[in-house]
Amino acid sequence: MRIIGIDPGLARVGYGIIEIKNDKKILLDCGVIETGKEKKEEDRLYEIFKDLNELISHWKPNLAAVEKFFFYRSSTTISVVQARGVIMMVLASKKINISEYSPAQIKLTIAGSGKASKKEVLDAVMYNLELNKPPKPDDSADALAIALTKLNEEGFN
């Protein structure tokens, strides 16, 4: 089984891909899809669409986990919602089962507290995936935490 965890954004979409093999969690890939701020918004959304399609075609995940978005009063809210829409569309077009989790759910599942710090979540990701060094950048570590949340729900603790 393969899962992709996604941390949505317009400037950076974090992703992490984990495979379960012989009851062991194996990190296959993680990183970010970055879109240049100098580009028009529609070009940035298309870049997310194109790059995510390529990732999914390459890794062929069975499941997807995406962080839920909560509305804040911010100038970036609409852009992030649009990027999230593109992400959901790509996953749906590939017939991948999508689960969504709030930041508090992710923290509670991964680190044991819905109010866990970024460092506590990162430490839990490193422990769960038996990593010697933290995944970089932070958006990819967040995406791995999201994927691990889904795996936990599926019974792979």
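In case you wondered, yes, glycine gets a Cβ from its N, Cα and C as well.
According to Swiss-Prot, the protein carries these features:
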type	residues	note
ACT_SITE	ASP7	active site
ACT_SITE	GLU67	active site
ACT_SITE	ASP139	active site
BINDING	ASP7, ASP139	Mg(2+) 1 binding site
BINDING	GLU67	Mg(2+) 2 binding site
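Sequence features, as recorded in Swiss-Prot, placed on the structure.
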| residue | record | Cβ within 10 Å |
| --- | --- | --- |
| ASP7 | active site | 26 |
| GLU67 | active site | 23 |
| ASP139 | active site | 24 |
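Separating the Cα atoms of GLU67 (active site) and ASP7 (active site) is a whole-number distance of 6 Å. Looking at ASP139 (active site) and ASP7 (active site), their Cα atoms lie 6 Å from each other.
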